[in-house]
Amino acid sequence: MADPNPLLLQIDEPESESPKIVKQHPSLDDMIERCIGNCPWTLFQATLVSFAWFFDALQTFISVFTDAVPTWHCTSPSSSSCNNICQIPRDSWNWDLPVHTSIISEWSLECSGSIITGLPASSFFLGCLAGGFVLATLADSSLGRKNLLVLSCLIMSLSGVLTTLSINVWMYTTLRFISGFGRSTIGACALVLSTELVGKKWRGNVGIIGFICFTLGFLSLPGIAYLTRGSSWRLLYLWTSVPSVFYSVLLYFLVHESPRWLYIKGWKEEFARTLRSIAAPANRSSLTDSFFCRWVEWEEESQETDMYSAIKMLLQKSWAFWRLASVMVVGFGAGMIYYGMPLGLGNLEFNLYWSVALNAFLELPASFLMFFLTGKLDRKISILGFALLSGICSVTCAMVRWKGMQIGLELVSFFCAVTAFDVVLIYTLELFPTCIRNSAVSMVRQAVVLGGVFGPLLAAAGRKNGFLSYGVFGITIAVCGLFVIFLPETRGRTFCDTIDEEEQKNGALSNGVNTA
């Protein structure tokens, strides 16, 4: 019969046992695993944290509708040409919908260059880049995962509300930059916090829940846009931003900080209090002060970090630097297709609402595929295969002229890119220890966003030459996907918490010892 209190059994071993045995095993991981591994409350908190991806998706792709060029028609039969809106008098044509349905029609940007019309979307991704570099390390240093997630959600949602007050494209662009600045760390914080709140059994699945929430947000956007068609574009911002404000408040009061991060920081009292709060009811009586006193020598190994020490460790350790560089290159390629393809859907001459909905819907099977197979798929082979297939389909899409085959190839390419993107984020979690994990994930997401910065520009260029959008998308993701061959396989490995622990595990792996 199993001992009803395995925690005390592990701690009360005779002191004659060699202490080196404890140090050779991931004791913190084992402790958290036994305390909260299958606790429903931690699963609820992890799911609530993952829902931040829902609002992230709304603000990421909202410009597909608010910045779209509305349809128009000629009003004067004498007009010699109705093909180019900029070559006929203004009184010879009119918009099909009220002018306030898009920023293009409201601010008369229909004849502006692609740089002006694509500037708001690009500024959003530039804000993501700036915010990532400024905010990313705060989750590993001073603020922690939870506080930075709440702060990021508030910045993104409040700037979205303020966007409705824009009076010109420049004010609008500035507020989109601020929104991107806040949004930059939401995905990384939500992913890291949710996976650090649960045990190993649920870690991969909880990470995928975030992707599913992002898909649901993306999928709901065309529905919200369709229901508000004919209304002001400002209404779409209100519908997507106000609920996010209330969500941020709810998140602050219902979710705990990551016990792993508290432990690494050496905050013993907060670590103990948090672990008691989220532990399974059967284990709470065992988590006494004397129990935590047994972990004093672990506390002494805690790593105090300043704002940029995590980045320094990533750059100073050669293995960490090469891992980060390789996975960032892969993320750049995935990001270019992931953010660029939805912006280029208008070039395929399909109904915008349906084409966006189909692309968003494809994220569901991609997320469910990862949810059920994340424990069985090798990371390297999966990323390489999906990246190459996505690239081939994207390039072929730019070369064919039949509309049915075009949309089919675009959907397959987008599906493979989404799946590769999901695997890359899970892979990054497993490649780096707790003390630098959030910074590493944030840097990879920055690379993904950097790929997205080029999306609006390539999508605009693709209106005249399709290969400049879908052709470039395909070549980029295929070439970048090849860099995964320089990374180690991580499927089935346990999380490491410190740099030393990761290096010891790497040494054991190189000597043929299984440390999983």
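Glycine too: its Cβ is placed from the backbone N, Cα and C atoms.
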Among ranges 51-68, 177-194, whichever one TrEMBL labels transmembrane segment: 177-194
Leading stretch by Cβ pairs under 8 Å, where the reference is the transmembrane segment (441-461) and the options are 115-136, 148-171, 177-194, 206-228, 381-401: 115-136
Closest-packing stretch to the transmembrane segment (407-429), where packing means Cβ pairs under 8 Å, from 177-194, 234-255, 320-340, 352-374, 381-401: 381-401
Chain residues in Cβ proximity to the transmembrane segment (177-194) (below 8 Å; excluding those fewer than six residues from its ends, i.e. six or more beyond): 46-47, 49-50, 52-53, 55-56, 59-60, 123-132, 134-136, 138-139, 145-146, 148-149, 151-156, 159-160, 163, 206-207, 209-210, 214, 255, 258, 425, 429, 437-438, 441-442, 445-446, 449
Mean of the pLDDT scores, which run from 0 to 100, over the domain 'Major facilitator superfamily (MFS) profile' (45-492): 83
Stretch contact, the transmembrane segment (234-255) with the transmembrane segment (352-374), Cβ-Cβ under 8 Å, 3+ pairs: no
Same-chain residues at least 6 beyond the ends of the transmembrane segment (381-401) whose Cβ lies under 8 Å from its Cβ atoms: 330, 333-334, 337, 341, 409-410, 412-417, 419-420, 423-424, 427, 466-467, 469-471, 473-482, 484-485
Spatial neighbours of the transmembrane segment (320-340) far in sequence, C-beta under 8 Å, 6+ residues away: 60, 125, 313-314, 383, 387, 390, 394, 413-414, 417-418, 420-421, 424, 427-428, 431-432, 436, 440, 443-452, 454-456, 458-459, 469, 472-474, 476-481, 483-484, 486-488, 499
